[in-house]
Amino acid sequence: MAWRGWAQRGWGCGQAWAASVGGRSCEELTAALTPPRLLGRRFNFFIQQKCGFRKAPRKVEPRRSDTGTSGEAYKRSALIPPVEETVFYPSPYPIRSLIKPLFFTVGFTGCAFGSAAIWQYESLKSRVQSYFDGIKADWLDSIRPQKEGDFRKEINKWWNNLSDGQRTVTGIIAANVLVFCLWRVPSLQRTMIRYFTSNPASKVLCSPMLLSTFSHFSLFHMAANMYVLWSFSSSIVNILGQEQFMAVYLSAGVISNFVSYVGKVATGRYGPSLGASGAIMTVLAAVCTKIPEGRLAIIFLPMFTFTAGNALKAIIAMDTAGMILGWKFFDHAAHLGGALFGIWYVTYGHELIWKNREPLVKIWHEIRTNGPKKGGGSK
């Protein structure tokens, strides 16, 4: 669930200001100068007020080093990213702001699937060598004294008992936990807002489309997303395979953020978003499309079960209604974009993209076998 950022901030005043405006009280001056606050879930932009009096010259204050803001600036709910220190201004040409994200989405998706195809080739090649290495290792283990109660042995046992899907998403979960910890560092707040929240009104448009997929400010938000990803990990990896799943997941994060950009530009509701929900919606939609008769249940209400197909229809209907009615708590455009991409990929995309990877794999095989061609003239 990609969260919208919001903040509210007022202006203070001093005795010198009250004297310069004809004896108006500090409270009256504050009310007159206070810009529109950022209310609700929508990130509204500050509008500069025009005043009918001359303002006293401002004292030049020494520039503070960017070592973070005061603790008061971030005393807020754990669900709300501290965005009051960063103001985003919408482009006067909003459609143009989508050109770079569009090219980035297409280019990144192509690179993701190309890298996954090469990764699969290398994995298959290494399995043959690993097979013989495994035989040798088993023989050495049989004659080597075994350590009982060794912590490393217990970790290896736990890891070996995981499914391929669970092993794959363990790395994704670790990355999300790392980014969550970075949000807790005050000196990194500006960097996190700039690069780990996606917003078409920001100066940085492309890299946040990927990085925000691993970004969660709320512990509950991250825990809920990672639980859903863990629950569907075995099914999706059994359907797609490890390498193809990673390409789909990363591409889904970028594609869902691009759909979010389009929705924000179309409605004018700008605001930073973050979270893995767009990519997770792709995983959920792909599994529910492939296994529509599978039974699902809610974590705290296991007595109520429903089919995967019905669950997918309900989620799409809710996100569509959220977009039309302007619900602001979730980024419904990102959710809907991720779900539609998941449905499209398992229905058509696998045939169009993954099964046509052979030319790229052959080129890579020739490079690995013969090495790069040497230039120059004849010997």
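Using N, Cα and C of the backbone, Cβ positions are placed for all residues, glycine too.
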Residue pair S233, H365: same membrane side in Swiss-Prot: yes
S277 (active site, nucleophile): tally of other CB atoms within 10 A of its CB: 26
Residues of the parent chain within Cβ reach of the transmembrane segment (333-354), under 8 Å, 6 or more residues beyond its termini: 1-2, 113, 117, 239-240, 244, 248, 251-252, 255-260, 262-264, 273, 277-286, 289-290, 312, 315-316, 319-320, 322-323
Residues in the topological domain 'Mitochondrial matrix' (263-273) grouped by DSSP into helix, strand and remaining coil: 5 helix, 1 strand, 5 coil
